[in-house]
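S.K.: Structure below; questions to follow.
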């Protein structure tokens, strides 16, 4: 390994009270000043460390800096890489380029920048990489485009609206990511980016694509998914060097014959489009390896031309309403096929010719098909003959046979795949090969060093500066680790089998964490208008902004600290704790016991008062008061239902059960069983079970990797209403699921605001609005300002939104002010230990 310079940590106070001798820092090449909780840049420290010292990398990530204004005489002459990610910076100073004349890489992502103009004058001669994603940048400025050595520009998740003509000045640009920017217009001069290899325009509002690609001889990746195309953009056919093309989630109904001009195409993604056939000319794509047409209308049989594309290695026909497969699924037709996705169709049999494939299938995906009983033996035989390594069927949702050595030799990629919804660009510029060769100095705060010395225990409230409270918080973390969660072992019953999700491990974890944190975010912010009518909410709040600090203080709301969630999310957390304590098992009696104790004491580790008393719904309160509740929860719940019906269909169960779509997301029968078990602990009304099932099914489908929201909702409704004999219940559920506006739900109606179907409808409508490219925080703001039982509506909406966008999709500003976030994240990590 050689003699590598060791990393050195200095406490901030040491630097503030003593002058640093420059001789101590002669070889400092990498300087980190992170997680300080300060709003002002520590200029004196930087000047002491930088002046005359050849620092190459400066990282100021994860602070609260609002600006980057330095004295004019300060110049980072040797600085090559600078990272200011995850701060609160609104703009970079004018003449910024004068401070960093040798800069090669700049990361200002996850800030509040509204422009990148005026700071690159004069231009930076050596800048190659700019990461400015997750800001509010309104346009690509002309002076940004004067940085002619720029090769990588990442601006995804901004407010650009258009790509201007000046972009053509970036003649050396190799990668441009402007996804999720609400772009409606692209300059034709994009076609003058002759060195561009990757262009990401997905998740925008494009209806036309008029860029001539003929001169872009190095363009290999083009992503136009999730836009508003109604016709296949014919200009694409000028990009004869394209290897990867994604047009999924557009309203395209036909593929033009000119598709044959894309001779170098390796991957074609047409998922969730309106196509119902493939053109004959597609056989001319001799290098096509991956074809995906999931959730399209090409059924009831695969198009005949499909069997002439002999080069395919991966074929995805998921959700195409196929009723049968032909004998042409054989080794002669598909000599190179490795993966075949046939999930969520209407297949009853699998053709025996599939065993003639010339190489073993690494994956055959059959979940969601009504296979006949004797098909199980056929599938098992194929598996035993080593013709298929990884098979799933509709009845068990479990692996039938795994050839362990083959899987070990061909493990799933646990990284986020290119083009996935997970933000695989979220990397600090610190992660550079050269850093391993540098001496590093971490400038830590006192609390950071203390945490490192105690095995990185998290504080319950990392924003609290009071010493006594900090001591309490450290003790609270010990409580949750030592008392509430039993030691984890290999007996977990919710270990996720390989291959049950089309998502990578990272992306799946992101969605799971998004459900849990999203539920708490929605609940916490919803406290702002809980119990108000829509009119009252508008009168109380002049500005409809998503900000915990703006929540008014009154007798009700003052019970909770700003940013804290309420009893709605508390009950979801009780389910998580029960799962953890029972190694993944769902035990209604254990949950009932935890629920009863919580109703009396709250969470002591979160400093809930001894006289804990929160307003609970009528059904829940009446059930908890029965002395036999803990011993016989289902029996007592049913008794209360019979006494209260038809007024018993409250939302006290649906607000907590979103989490139950996660442990066995790959087994919908198990999802149904567990959801109903926990729902019926307090709410026995079938409408409560139906509404809970809709939510948990949607989350299960999303965790499986499905992306067609409309079909997910449709399938979830069908499964949730299965076996229900009361037609009026079914029609009413569909009515709330099909709501198109908030007014359709009448959320603030004084009589029905707690109706379980309304909470369900809020979540489903939120998901639909997200699909229509509305911002997630705007959606939550809308539902919360409709009034009514906003906490339940917000918790459900937040959970579904969190599952759709993942935890990485939440803005840091909405996380920093949650007082118990670290405690909650610790729970999530324990859940991951059981599942992965």
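One is the number of the first residue shown, and numbering goes on along the chain from there.
Placed from the backbone N, Cα and C atoms, the Cβ positions cover glycine too.
A quick note: this is a predicted structure, and the numbers were derived from the prediction, not measured.
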S.K.: Check TrEMBL for me: it has 566, 567, 568 binding Mg(2+), so pick out which one of 257, 316, 789 it puts in that same site.
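M.R.: The candidate from 257, 316, 789 that TrEMBL ties to Mg(2+) along with 566, 567, 568 is 789.
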S.K.: Identify the region 'Disordered' range according to TrEMBL, selecting from 346-378, 379-411, 412-444, 445-477.
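M.R.: From TrEMBL, the annotated region 'Disordered' range turns out to be 445-477.
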S.K.: Among the binding-site residues 568, 789, point out the residue whose Cβ has the most other Cβ atoms within 10 Å, with all shown protein chains included in the count.
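M.R.: Ranked by Cβ atoms within 10 Å, first place goes to 568.
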S.K.: Helix, strand or coil by DSSP: which one applies to residue 568 (Mg(2+) binding site)?
M.R.: helix
